Amino acid sequence: MTWLKNALQQGVWPWLCAGSVALSLLMLGALLALLLTRGLGHFWPAALTEVTLNSGDVVAGEAVRDMPLPDQSGSERLYFTGNRDLDDARWRWVATDAIARQAQPENLLRLERRTWGDFIGYLEAVEVNGERFTGDDAWQQVQQALSLPTAQRARYQLTLRTPQGQTLRQSLATVISAEAPNAMHLGEKLGAWGSDVWQFLSQGPRAANTGGGVWPAIFGTMLMVIVMSVIVTPFGVLAAIYLNEIAHQGPLTRLVRVGVRNLAGVPSIVYGVFGLGVFVYGIGGSLDEWFFADALPSPTFGTGGLLWASLTLALLTLPVVIVATEEGLARIPDAQREGAVALGATRLEMLTRVVLPMATPAMLTGVILAVARAAGEVAPLMLVGVAKLAPQMPLDGEFPYLHLERKFMHLGYHLFDTAFHGEDVQAAIPLVYATALLLVLIVLVLNLTAILLRHHLRRQRGSEC
Amino acid sequence: MTRARLSSQPLRHLQDRIATALITAGGIGVLLAVLGIGVFLLWEAAPLLLDEELGSLSMLTPLAWGTLKAALMALLFALPLALGAAAYSAFFMSPRLRSRIKPTLEMMEAIPGVVVGFIAGMVLAPWVERHLASTLVVIVWLPLSAGLAGMLWHLASRHWQRRLPLSWAALWLIPWLVAMGMLALWSTPLVEQALWGGDLRRYLYDAFGLDYMTRNALIVGLAMGFAVIPSVYSLAEDALNEVPRPLMEGAQALGASRWQAVIKVALAAAGPGLFSAVMIGAGRAVGETMIVLMASSNTALLSASPFEGMRTMAAAIAIELPEATVGGVTYRMLVLAALVLFLFTFFVNTLAEVVRQRLRRRYQRMGGGA
């Protein structure tokens, strides 16, 4: 009995506790690893396989994954075959037992097209200005022509052949990019990978979010966060200064402080409800009646938009800024304030010349934390102004340049919408992974900056006090 | 002389007065605006509460049930992990490792809910649906295997105990847990055959009448637990770490083992701190929206089965409020749901804060912090 008790106390229980740390780290690591491999791996030019089945059918495409059959008798493999305009499907399941032959021909191409998604097959010929090229010459012509502007590309007519033997004529103007991944060596693949990542970051979504990039969502997120910081910083700092420097430090102040602190724990969706009820329906509705009456009943400010989303998130992140700034203010020794006042400074001068400069890093930390929180927050935005696909950017060359009433796209909501309401979720999933990775990276980098800043600040203060 | 000079600068003092007034006005304004949230919700939901037709309140029942169920599942998964991790890193972990691990785990909190929800709903849920038995075996086996590792370590020779010290155990256990997870996956068909006749889902249906939905409370519990762990861990670790060292040392000097000192002394001393950590975790689990939205089926069910979905209040607000007509019954009911969430989290957080402040004073009386 004593032996068991000893074993439990010295071995089992502490190691169980250690196990929970290990498990948490493992889960975090697994999540990040999953996002990294799936998010970045999607852009890698995958090998294309041509499979001949026992039945004589030919399937060509990218092998996506293997799954065991339900009755455990073997497995089947999912291929991305493209060519949706020809056989009405982009995916094909193939039982691995039914495969007779596999090959990776070097001239198997993958074309990214503006309509119907990808084409996978062979290039038969290219016709330009009456000349006809075949074989390797054709492929060289296509590669050269793809660097031309779209208007000039219309002269090129491609004759394509699917692995099943159908032929298809297509103008080069509808082709965005072409690659022969089986013929690429490592350097070329790296290059293609880089340009695909860049395309993801710099372009708008295409083909029902299954292609293209997320630039409008990145831009919308950034703009919303910037407008939010412009609102939240002065007010948060003002409230913190009031609480810490001006208000009489009594039970009431303490109560308010606890209240503010607790607001950081209130669910974000509640802020969304407040934003919808007060900003959108209340203030926005009144603004519409006063200034945009001729546009009614279609609302201008009386519907979700950039301004209301930023305001809502500003309210949501206000406690973060207040708490961080107050922490910084409280760390400044009273001797500094007394010294300034003793030398004849008024309170304003004391605040602006002595206290605030010393508290700047703390304020900055607060704002960065607020931005990190706002960038990852989606739930309240669903109520106050995010859009699946915003037709117009909220910032453009038209007066007054910044259109606060417009809806905008947001990375987090884009992720949610693509993954759960998309047409072909299967095809969109790789891009969702990439979006999730991007979002996590942004938030983590912001948080790391705040942590490092705070660490730096503490060390600095430590040597001063 | 001084007085004369000061009065010769009325501008400076005027500026000062104005600035003070502005800051005061701004500060109070901001605080009022922030506290106005509760007032607004109460104002909008009041007609429903005062109204005769309280029958519409029954629409809230399945939502409240769903919220509780989701939060409980999340806490069931998160609390043992978070509190165990807190106890280990406060009392056993080497300080060098702790200074790395603690920020890493706290960083987990920053991962956006929408990403966790996506992984849970699109990756975890389909996998668990296909491998339900494996999931259950892994969930049971991993803690047992960590305990087994501890038992082996206890039996091992001094030499090995020094080579693999407990203070770095969190790292040693990672490969061990991976290996044990693999073992569990490999052995699942045998276990499933022996215990449940080869098909767990059919067994569950035959024996208990349980249906299985792809996105269910189990998935929500795992995903939301993942999101709740860091906040509970962080607060609990702080509370445990601040337990005055003399208390622990005294207990050990009187013959208690380290683990006994942790359980009998530290947990008793830090009890209120742990309570407040759990409360904060509960508040987070109740209000989390995106994870529930993406990982649960969003059907308003009144079932206690962990394999069926639910619809929580937060998810209902996110789905239904944009379409609800202003002032209608649905609108007011959803605002009422928001009010309930607001009051609950506010109450829970205040309780936690008060308890924490008491605790801090108690520590100071006991011998002033670590």
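Quick reminder: no glycine exception, Cβ is built from N, Cα and C everywhere.
The domain 'ABC transmembrane type-1' annotation in TrEMBL covers B:64-352.
Taken from TrEMBL, the feature transmembrane segment applies to B:21-43 (among others). Sequence-distant contacts of the transmembrane segment (B:21-43), counting only residues of its own chain at least 6 positions beyond either end whose CB sits under 8 Å from a CB of the stretch, comprise 335, 338-339, 342-343, 346.
Look at TrEMBL and you will find B:63-89 (among others) tagged as transmembrane segment.
Sequence annotations record features per position, and here TrEMBL assigns transmembrane segment to B:110-128 (among others).
Counting same-chain residues at least six beyond the ends of the transmembrane segment (B:134-156), those with a Cβ under 8 angstroms from any Cβ of the stretch are 80, 128, 164, 166, 169, 172-173, 176-177, 180-181, 183-185, 187-188, 191, 200, 218. The feature transmembrane segment is assigned by TrEMBL to B:134-156 (among others).
Taken from TrEMBL, the feature transmembrane segment applies to B:168-186 (among others).
Residues or ranges marked as transmembrane segment in TrEMBL: B:217-240 (among others).
The transmembrane segment annotation in TrEMBL covers B:261-282 (among others).
The transmembrane segment annotation in TrEMBL covers B:331-355 (among others). Within the chain carrying the transmembrane segment (B:331-355), a Cβ under 8 angstroms from the stretch's Cβ atoms is held by residues 37-38, 41-42, 44-45, 47-49, 56-57, 59-60, 63-64, 272-273, 275-277, 279-280, 282-283, 286-287, 313-314, 316-317, 320-321, 324-325, all 6 or more beyond its ends.
Long-range contacts of the transmembrane segment (B:63-89) within the same chain, counting only residues at least 6 positions beyond its ends with a Cβ under 8 Å from a Cβ of the stretch, are 98, 101-102, 105, 143, 169-170, 217-218, 220-222, 224-230, 232-233, 236-237, 239-240, 262, 266-267, 274, 277-278, 281-282, 285-286, 288, 292, 296, 300-302, 304, 306, 310-316, 337, 340. Through the fold, the transmembrane segment (B:261-282) approaches residues 71, 75, 78-79, 82-83, 86-87, 90-91, 228, 231-236, 238-240, 242-244, 247-248, 250-252, 348-349, 351-353, 355-356, 358-359, 362-363, 366 of its own chain, all at least 6 residues removed from its boundaries and within a Cβ separation under 8 Å.
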